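Only one structure is covered here, and it is reproduced in the block below.
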Amino acid sequence: MTDTRNGEDNGKLLYCSFCGKSQHEVRKLIAGPSVFICDECVDLCNDIIREEVQEAQAESSAHKLPSPKEISGILDQYVIGQERAKKVLAVAVYNHYKRLNQRDKKNDDVELGKSNILLIGPTGSGKTLLAETLARLLNVPFTIADATTLTEAGYVGEDVENIIQKLLQKCDYDVEKAQMGIVYIDEIDKISRKSDNPSITRDVSGEGVQQALLKLIEGTVASVPPQGGRKHPQQEFLQVDTRNILFICGGAFSGLEKVIQNRSTRGGIGFNAEVRSKEEGKKVGESLREVEPDDLVKFGLIPEFVGRLPVLATLDELDEAALIQILTEPKNALTKQYAKLFEMEGVDLEFRTDALKSVARRALERKTGARGLRSILEGVLLDTMYEIPSQSDVSKVVIDESVIDGTSKPLLIYENSEPPAKVAPDA
């Protein structure tokens, strides 16, 4: 058709050989051997090729699932310690995505079940970081939900379906991608039952939320408003099947170690009672390793909810040595991050060993784990980061223990000059 029109016009007016638009209807017309293509058709062809390449890459990445050892090795680059938790997570995630690859095969009588994960560990021990690193490694949609904001449907607060809505937002509302994603629900211990005895008052943010999460975690078809709109009866919903979404729940479970110790410690009174000193008490991390489902039920989780989280991983408390490693060794270690910030100003940043030890000790005193390290360094480096951009002759900043303790200012080394004496901070 286009060739005929071109022939009739005797070459005076040119047309795209693909869409038939004339040279006046498009911005650019590219000539080939007896054919023409417009800029719009070129863009369309590029989009088609790009989509096919992305689909092929997604399929190849799905088949190239890293082994548990490889997963654990990559986690080692970002998370210090917690070897047992890494091993449990690596095996669970590997089996989960192996199960997803298996579901496409027909004539298979064995149906593999889903194994969701429960992470138990003190605050700042690396629960959220482990989940984030896993999602980045596997290149799947990932979202973090806060269990403390969830309430039963009909009450003020977030419905459990909002979790799936957040997951959809992470993948531009691609339902197929979302159905293979990972959801991390933080502070799961905060929705424990407030009391062992049933009450006439509704526990809308405790046991009620656990009941609402049951079907979502096990596998159901959740109805989610498109593009984050509010629910109303005349609206069409996106249907998301949660059977293949991996749920990882994490919490500090403060006080759980006492429940475990009460179960594992022989009681007694009188002359035959076993006498124990305070020094014989176990560390929190050691006690948590002995956790059993009954302990979680006594803590306040309902038995059905515990049953939906068959894979259990406990994290240890971080000691001073581990905190120093966290400051220096991971790919995105805090000292490397601040060194990069100073490098952008053309300044070297050096942390002395005694300074790192002092930072770790202060974090232990605050009982915030690795999460408290950044706030300590921010406070220490605030004045220096304020002054450095205004000084062009500083070549190096040195931080030692006295700077962390607040008894002196950072040592500034200037270009082509002797370093100035330290000056005590202003009162």
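Just so it is clear, glycine is given a Cβ too, placed from its N, Cα and C backbone atoms.
It should be emphasised that the depicted structure is a prediction, and the values quoted were computed from it without experimental measurement.
Listed in Swiss-Prot:
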type	residues	note
BINDING	CYS16, CYS19, CYS38, CYS41	Zn(2+) binding site
BINDING	PRO122, THR123, GLY124, SER125, GLY126, LYS127, THR128, LEU129	ATP binding site
DOMAIN	4-57	domain 'ClpX-type ZB'
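All features noted in Swiss-Prot, drawn onto the structure.
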residue : record              : Cβ neighbours (10 Å)
CYS16   : Zn(2+) binding site : 22
CYS19   : Zn(2+) binding site : 14
CYS41   : Zn(2+) binding site : 18
PRO122  : ATP binding site    : 21
GLY124  : ATP binding site    : 23
SER125  : ATP binding site    : 28
GLY126  : ATP binding site    : 29
LYS127  : ATP binding site    : 26
THR128  : ATP binding site    : 16
LEU129  : ATP binding site    : 20
| What is the average pLDDT across the domain 'ClpX-type ZB' (4-57)? | 80
| How many other Cβ atoms are found within 10 Å of the Cβ atom of CYS38 (Zn(2+) binding site), counting all protein chains shown? | 24
| field | Neighbours of CYS16, CYS19, CYS38, CYS41 excl. site residues, C-beta within 8 Å of centre, Zn(2+) | value | SER17, PHE18, GLY20, LYS21, VAL26, LEU29, PHE36, ILE37, ASP39, GLU40, VAL42
| What count of other C-beta atoms do you get within 10 angstroms of the C-beta of THR123 (ATP binding site), across all chains shown? | 16
| said: According to DSSP, does CYS38 (Zn(2+) binding site) sit in a helix, a strand, or coil? | reply: strand
| task | Measure from the CA atom of THR128 (ATP binding site) to the CA atom of CYS41 (Zn(2+) binding site) and give the result in Å, rounded to a whole number. | result | 46
| task | Reduce the DSSP letter at GLY126 (ATP binding site) to three states and note it down. | result | coil
| query | Apart from PRO122, THR123, GLY124, SER125, GLY126, LYS127, THR128, LEU129, which residues in this chain have a Cβ no more than 8 Å from the mean position of the Cβ atoms of those residues at the ATP site? | reply | GLY121, GLY250, LEU315, GLY369, ALA370, ARG371
| field | Cα distance (Å, whole number) from LEU129 (ATP binding site) to CYS38 (Zn(2+) binding site) | value | 49
